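Undergrad: Quick one: structure below, then a few questions.
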């Protein structure tokens, strides 16, 4: 007994130092015992259902009454930049769950070293332990009640659960654990199997979370494949995780750039590209619909098939492809202000309201193009193709101005794609107008010689883009967002400040007060993105969690909880 106690103390001591421990033991087996175990092991290893648990059960039949030989421990050193990366990503509103096969004390020590959890008194760690269902139920109930009561306090809470208790929870108390997953921002799951990692990711996906799983070993493959986004670290543990992932990185610290820089740029560009494609297609469709009323709904198309094909394939698609080069903020500004990622999480750039805005813009522009074209050429003896070309030209002018206005940065390739394509529209149509057999013979030459054509184009551009420019100017000047404030600071070429300091500067300028800039951070939430937090997906999940039911109470006494849920920013 004394010898075993010495070994246990050594294991605990090594684990508290963050070392990975290994106990060595042996016992002698008879030939009959080994053959029987080998047969059971082969059957369990070839099972199609619950293979991991059957193999573990067979191994437990063999691993007993062992004589301990000794204890060994190795240091699993953290990569450079891991604590800083986790801290920055937590500021951007990302929750972290640590799923590991290490023992509890080792996992906690590693979590402290990498800033995943905070020590007392800033943070508090809650434990979910137990070997039986009753013990696990009481422990889970205690942790859940603590989370409900203290969720609005500034103290950082995290819970720890081991693999044995987790298996009971996922089998019997999944509903309560789902509520706990919504309320908690940090969790440590130790002694978990690869299948349990995948089950936890699936559980978080059922809570309407967008999940990202990152791992470096073969035991992380199932978790990586289950998540929405899988990231594999290629290192000393092989390339299994990297090959199974959507993205492969060499170091954990590269995750900061992958999410904050490339992920945010990708979201902004995808949001604009999808909504612009929606806009340009509706614009030409609305013009066709308006023309059908003038033509008595005879089914006649204002544009010929060649013009429609060229409009979608060349005239409007090439300029928008340059959005892959667009950057609303520099990489340095984005990494210094990770809170702006909350705009992406809340879907500020791609949601039903923004789609409605682009829908209204396309309808308004279609009305402007059609009415001005019809009235400008009402008294002219114009051919159908001539009227069609005027309407198409007005649409192309508006497309060029819209893309230019929505771009946040300009490079030579962007300028060439937008305005070079605009010039190519006239060059191509002038060339087609020289072909006698074409339906547009001499039409473009006649239009370009008419002053009324260029006046019509200027009128369409002014009436179409005037309200858009006025609305954009009003929002940028009188109701700027955090991104607008940072853009203004970048374009002024002054020193870079945080969101809090920039907002203070903007308020002082608008109120004609002192021009001093506050450099001390404030503890209250910034009103620049405070409305964003109230309608973000995470805030809505916590509000839903506050009305969930307590499964540990009898059915007659289940009462919805009504505690406030807020997202806390550091």
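For all residues, glycine too, the Cβ spot is worked out from N, Cα and C.
In TrEMBL, annotation is done automatically, which means it is predicted and not curated.
Here's the feature list from TrEMBL:
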BINDING   20, 100, 101, 102, 191, 197, 219, 220  ATP binding site
BINDING   216, 220  Mg(2+) binding site
DOMAIN    242-481  domain 'P-type ATPase C-terminal'
TRANSMEM  282-303  transmembrane segment
TRANSMEM  358-378  transmembrane segment
TRANSMEM  390-417  transmembrane segment
TRANSMEM  423-441  transmembrane segment
TRANSMEM  453-474  transmembrane segment
Undergrad: By a simple count of other Cβ atoms within 10 Å, which of 20, 197, the binding-site residues in the record, is least packed?
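TA: Selected from the binding-site residues 20, 197 on minimum Cβ neighbours within 10 Å: 20.
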Undergrad: Using CB atoms and a 10 A radius, I'd like the single residue among the binding-site residues 102, 216, 220 with the highest neighbour count.
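TA: Of 102, 216, 220, the one with the most crowded Cβ is 220.
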Undergrad: Taking the residues 20, 100, 101, 102, 191, 197, 219, 220 listed for ATP, what is the greatest CA to CA distance in Å, to the nearest whole number?
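TA: The span, Cα to Cα at its widest, is 20 Å.
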Undergrad: Compute the C-alpha separation of residue 101 (ATP binding site) from residue 216 (Mg(2+) binding site), stating it in Å without decimals.
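TA: Given the Cα positions, residue 101 (ATP binding site) is 13 Å from residue 216 (Mg(2+) binding site).
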Undergrad: Taking the Cβ of residue 191 (ATP binding site) as the centre, count every other Cβ atom within 10 Å, in any protein chain shown.
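TA: Residue 191 (ATP binding site) is surrounded by 17 other Cβ atoms within 10 Å.
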Undergrad: May I ask which of the binding-site residues 20, 100, 102, 191 is closest to residue 216 (Mg(2+) binding site) if we compare their C-alpha atoms?
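TA: In terms of Cα distance, residue 216 (Mg(2+) binding site) lies closest to 100.
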Undergrad: Below 8 Å Cβ to Cβ and six or more residues apart, same chain only. Which residues does that give for residue 219 (ATP binding site)?
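TA: In sequence order, 101, 194, 197 meet the Cβ cut-off.
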Undergrad: Just name the winner among 100, 101 (the binding-site residues) by count of other CB atoms within 10 A of its CB.
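TA: Buried the deepest by this measure is 100.
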